[in-house]
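Read the structure below first, then the notes.
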Amino acid sequence: LTCCSAQSFRELCDRTKNTNVRLSLPAVCIVWQTAMIILFGVFIRYNEESDTHWVEYRKENNLSDIQNDFYFRYPSFQDVHVMIFVGFGFLMTFLQRYSFGAVGFNFLIAAFGLQWALLMQGWFHSLDYTDGKIKIGVENLINADFCVAGCLIAYGAVLGKVSPVQLLVLTLFGITLFAVEEYIILDLIHAKDAGGSMVIHTFGGYYGLSISWMLYRPNLDQSNRLQSSVYHSDVFAMIGTLFLWMFWPSFNSAITDHGDGQHRAAINTYLALASTVLTTVAVSSLFQKHGKLDMVHIQNSTLAGGVAVGTAAEFMLMPYGSLIVGFCCGIISTLGYIFLTPFMEKYLKIQDTCGIHNLHAMPGVIGGIVGAITAAAATESVYGAEGLRNTFDFEGEFADRSTSKQGGHQAAGLCVAICFGVGGGILVGFILRLPIWGDPADDNCFNDEPYWEHQRIPENVKPTTEECQNQQPSLSLHGQTTKMIALSQSM
């Protein structure tokens, strides 16, 4: 009975696809945005640093306007915002016929996701119990972008294979799961994860891979002709890579403590990224015929060091330690693209369009392990007594926690991120497999055609085949005439 039910469910889900989202997409967008307006009206308010009462608060606490958190955080927020909308968006434009979907749906996910993230994270972190309101400021905006990043990472695994409605559902559940696992890891377990190696990249990576596994398409080879890049699409994707690479130090240091923590996080990330580039180029050349470079590796694996150094970014990792992390990640990530991605598709039935396992999931796990080891090895002689308490927030109920115990809690946080990613992805993948979302058929994936209008040259101005054939001799004759004139002039 169970087998028959499962078979019936598969047959139901695999019936003929209809990509017409004329009713479902507008309905979801309008209804959900209306819900955001109502929820914001009920719950969201400005915090003390963005409210008009800042003047009074400033005087009471003997502060100046320049000490408003906006002036500390906004430059980092701006960098992170560019990474979310430009970096992630353009990184996924490598497919020859899916540039509109890559940038446009990235825009859609981020715009909806940041609103839902402000609410979900607000209920866990910024709720004022005196009046029941969520008080937001510039740091909340940064955290909302971080939350959205997890869903954009997941999008990379299913790029070109899902409808915009499915992406909105993926984002709704992804943001919700992210807020819960973030609260467990950062607040309950009290693990440190400044750059989000565990909370963002590990969760987002395994969330996307699990969804892709649930949405496995056995006949996806029918779209093989479109699952490739062309010269200009790779150039556009490289623009996304460079934006991400340049701004990653801001990403990892954006919400760290003012002063030495933020400074150290930027330095560690900067060095890890630089080291990753060289090892990525080395491995890519080594495993390619005639030593040529593969643009897929350069676009993606060069960023792996920034992912892996995220958890330990504000720790005393030391500059040489950052270089080692980047060195190792460049090798591991590139080898993942060469060997693991084909293996996962063939044997594990995971079709990972962007290779997020190699750029986010695997480096995220490495980052969690590096963070656990670095925390466990922390000593008062290196950090100083005050520095140790400040770096790991050994205050209040955590005042008596030792560094070795902190290392164990860091490892526990990594396990939570993996469990939420895999478990949540399987659940959401089951929902997304239902035949009601307007996803494309197996022979029409990686194509903008089903969901985007294309401007075409009117048929009446296109030259006919006969006209093209008639033009060919004249072009050839023109070329010969030009050569004869050039020869006569040289004589």
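Any Cβ shown, glycine's included, is placed from N, Cα and C.
Marked as transmembrane segment by TrEMBL: 25-44, 80-98, 104-124, 136-159, 165-186, 198-216, 236-255, 267-287, 320-340, 411-432. Under the heading domain 'Ammonium transporter AmtB-like', TrEMBL lists 62-434.
Sequence-distant residue pairs (6 or more apart) of the transmembrane segment (411-432) and the transmembrane segment (236-255) include fewer than 3 whose Cβ atoms are under 8 Å, leaving the two stretches without contact. Remote same-chain residues near the transmembrane segment (320-340) are listed as 267-280, 282-284, 287, 294, 296-297, 300-302, 304-305, 307-309, 312, 355, 357-359, 362-363, 366-367, 370, 374 (criterion: CB distance under 8 Å, separation of at least six residues from the stretch ends). Nonlocal intrachain contacts for the transmembrane segment (136-159), taken as residues 6+ away from its ends with a CB within less than 8 angstroms of a stretch CB, comprise 44-47, 49-50, 69-70, 73-74, 76-77, 80-81, 83-84, 88, 92, 95, 98, 101-102, 105-106, 109-110, 113-115, 117-118, 120-122, 125-126, 166-167, 170-171, 174-175, 178-179, 182, 196, 199-201, 203-205, 207-209, 211-212, 215, 254-255, 350-357, 359-360, 425, 446. Count of Cβ pairs under 8 Å against the transmembrane segment (236-255): among 25-44, 80-98, 104-124, 165-186, the largest is for 80-98. Recorded stretches compared: 25-44, 80-98, 198-216; the one with the most Cβ pairs under 8 Å to the transmembrane segment (104-124) is 25-44.
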